[in-house]
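For reference, TrEMBL has these:
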DOMAIN    18-121  domain 'Ig-like'
DOMAIN    126-215  domain 'Ig-like'
TRANSMEM  223-246  transmembrane segment
REGION    260-303  region 'Disordered'
COMPBIAS  271-303  compositional bias 'Polar residues'
Amino acid sequence: TRSLTITSVDQSMFEKAQGEKVTLPCTFELSEEDEGPLDIEWVLIPADNQKREQIIIMYAVDRVYNHYYAGLTGRMQFTNLDPRSGDGSLDILNLKASDTGTYQCKVKKAPGVQSKKIQLTVLVKPARTKCSIEGSQEIGKDVTLKCVSQEGSPLLSYDWRRVSGTQNLPATSMLNKNTGELLLKNASREYSGTYNCVATNRVGTDECSVELNVTPPVNTAGIITGAIIGTLLALCVLCSIIFCLCKKHREKKYEKEVHHDIREDVPPPKSRSSTARSYIGSNRSSLGSMSPSNMEGYTKTPYSQVPSEDFERAPAQNPAFAPSKVAAPNLSRMGAVPVMIPAQSKDGSIV
């Protein structure tokens, strides 16, 4: 007895690049015995067997249901707008690496039921390929040129070529196509030039370039000597700055102590003028009570003996200034009381 048959059996594996479009085929033929409603389902079978199959799109009762799988929403559709014509193929647009997996087409029209599995692999083209140089670019040294693609599905293959001067790589070069490393042993001036790396996989290529400049060895001894001398000079300058700062700090500290050192145990000195005035006042009062008869004896008393701390001096300390004797005038004839006014010498003593 004839029943429903899936006719698209030519290709069951697809490899596409990211961003491209793929059409997963699923054509079928119905028989006269298939009288039930037509149902077409596309199911994604996860790689992990622990997870369940998930319907991504379905045609049932003359209607399309495509909201079951959020990862493909807006990027999938039936190839034929009317799958009843016998074409239930599926279009997936703008492919992503996450779209990789096994897809199964199921066609049901009772009593016939058929299915077909298709393996889809979404590959990423090589992209953001970077070239670099590792090692010293000096004559006689080993230099390694590196090439790495930041994006790209395995298996990636790398190839180096020289684009300046001779097109051939140096005779001492060693290339690793899997890692993208090109080793140049015992480099010479002839190795200088521009090198180009091409990264390739099954869906695309990408490339980058690098400039190699092999130079004579540098004078390391001179560089080391200069660095040592520069370091010593810097240390000397630093020590000088520290010494000046410490000296300045000590001077400020000493000035502060001298200006603010107040001795509370020493009483303030008495004023010279006040002492002299008190002494003169006392003498005036005594002179006013004296009579002319006893003035002669009083004038013999030197005014240098002022009872004051500032005016008490030993005769040996001021030998050049002897107290002068002033003769008392004849008070009886003048009719007035004589007043003795003390005079002050240059050294501060009373005469």
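Glycine is no exception: its Cβ is also placed from the backbone N, Cα and C atoms.
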>> Which residues of the chain, 6 or more past the ends of the transmembrane segment (223-246), have a CB below 8 A from one of its CBs?
In response: none
> With DSSP helix as H/G/I and strand as E/B, how many residues of the domain 'Ig-like' (18-121) fall in helix, strand and coil?
Replying inline: 9 helix, 50 strand, 45 coil
> When DSSP states are grouped into helix, strand and coil, how many residues of the domain 'Ig-like' (126-215) land in each?
Replying inline: 3 helix, 51 strand, 36 coil
